Each structure stands twice: as structure tokens, then as C-alpha cells.
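What TrEMBL lists as Mg(2+) binding site is A:D83, A:D85, A:D87. As annotated by TrEMBL, Zn(2+) binding site applies to A:C84, A:C101, A:C108. The feature domain 'Phosphoribosyl-AMP cyclohydrolase' is assigned by TrEMBL to A:36-110.
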Number of protein chains: 2
Amino acid sequence: MSSKPNTSPWLEQVKWNADGLVAAIAQDAKSGRVLMMAWMNSESLQLTISSGDAVYWSRSRNKLWRKGESSGHVQKIHSIALDCDGDALLMQVEQIGGIACHTGRESCFYRQLKGDNWQSMEAVLKDPATMYKSVDQ
Amino acid sequence: MSSKPNTSPWLEQVKWNADGLVAAIAQDAKSGRVLMMAWMNSESLQLTISSGDAVYWSRSRNKLWRKGESSGHVQKIHSIALDCDGDALLMQVEQIGGIACHTGRESCFYRQLKGDNWQSMEAVLKDPATMYKSVDQ
């Protein structure tokens, strides 16, 4: 699937967790908005880099998650950074369609703590029911 | 330690992982720079909210990690958001001292993938050897 074997030095510097995953944060390269956090395994990280589009590992579906495959809300990678202890990635992305969240919002972080409640602070831009051609987030 | 019991509805909406932790991303409220990602347990999240300063759970030291306790690089919380599936927090913070990383850099995400290498893209602002009064990050 990829031209980069698992033994690449850059891949070895990633500190995978017990499930072979690393946290991946997507940030809008233009606005700076943090869009989402998901997970990648070695294959999805390599695919992300080789394709230029974010590919995550879906823990709920236990398979590769090509972000935007059915919704069209692809994330184009501008750059990718690794943190100091190697267990988190930060990607600067162009969010196609301006919607990262499966709820139809720009960002998955749309609920803010106000007093004792998480309050939705962000409008739904698109009805999720119309967003997907098949099961995808 | 906290006035909020573990049964608070807002706490119940957080999806703790098998270790009782949730990922917490700190973003500079002014610049939008993503500073770090670490982990919180229920107690550290409640302390973060009650104190207004970020308190993480150190997985390596297996104890509460009051960010900046010895370095002075405290993170003042402006707001805190929960993502759509409840397993990640995003905090807007004021980073005291302008340094979040234990390497003396502004952000922990200072290494960018360039070709086959993670290249440091950010200057060390302060020598880590002079940063700590005791063991802290």
C-alpha cells in the first residue's frame, strides 16, 4: 500500500500506543481552528503522507477511515508535526467543504463548558442526513 | 479536592478511555498555536476547572501534573470544549512565559516532517536545564 516500509526512521520516532495508534489533531491551516482529533495507525499515517489527504484509523469500525470519502469533506495536508514525546501528531489542513464534524459543524469541538453544561456554540452548516453517500464520518 | 462530585452530568458526558483518561489539547487563545496534547483524569479535569489552571494526569509519573508548578509555565484556562464523541478536550489557554514544552520551546509540536525526517522548526527559548525548580514538565 505504501512505498515507505515500517522500518523508516521517521516512523520509528512515532510512539504508538498499546493499540498501535497515535493521536492526530487536524487544525485548519488558514483559520487556526482546531477541527478534530482522531487516531492513526502506521498504515494510515503512511497513506496520509503518500496521498496528501488525511487517512485515520477508525477505532469504532476497526478499519482505515479515508476522511471525506463519502461526504467529500476531505482534509488536504499542508504539513504534519510530531510532538516532543512522539505520541501526538498535529496536521495543518485545508478542510474541503469547511466541515470536519459528522454533525455537520466546522469543528468537532463545538461544545463549551458553561457552568455545569456543555453548550453547543456552533451552528450546523449542513444536515448530516444529507452529508453522506454511505457510512462515513 | 473538588466541589463537583464524579456524578456531575457534564463529567458523565466525557468518554474516559480504559485508563480513565481523556485527551486534552491546549491551544494558545491569542495566537491559535496548538501548544501540546496531554491527558486528564476526572480529578485533574475538575481541578483544572475549579482552579482555572491546567492540571493534567502524568501517565509516566502516574500522578497529577500541575502544569507549570515548578517551571512557572502555567496555563490559564480561557475556555474548554468537548468534541462530538466526548473523548477529547480543547482548551483555549494563556501560556504563561510563552513556553509550553519541556524542551524550552513554545509548542511541543516543533518537529515537522520534511522528506523522511522530523525536522525541528522552532527555536529553544529557554534552556531546559534552567527551567525547573524540581521535576516537572
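Numbers run from 1 along the shown chain.
The backbone N, Cα and C atoms fix where each Cβ goes, glycine too.
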Densest Cβ neighbourhood among A:D83, A:D85, A:D87 (binding-site residues), 10 Å radius: A:D83
Within a 10 Å radius of its Cβ, which of these binding-site residues (A:C84, A:C101) has the fewest neighbouring Cβ atoms? A:C84
Using C-alpha atoms only, work out the spacing between A:D83 (Mg(2+) binding site) and A:C108 (Zn(2+) binding site) and round it to an integer in Å. 21
Distant-in-sequence Cβ neighbours of A:C108 (Zn(2+) binding site), under 8 Å, six or more positions away: A:L35, A:M36, A:M37, A:A100, A:C101
From the DSSP assignment alone, can you count helix, strand and coil residues within the domain 'Phosphoribosyl-AMP cyclohydrolase' (A:36-110)? 13 helix, 30 strand, 32 coil
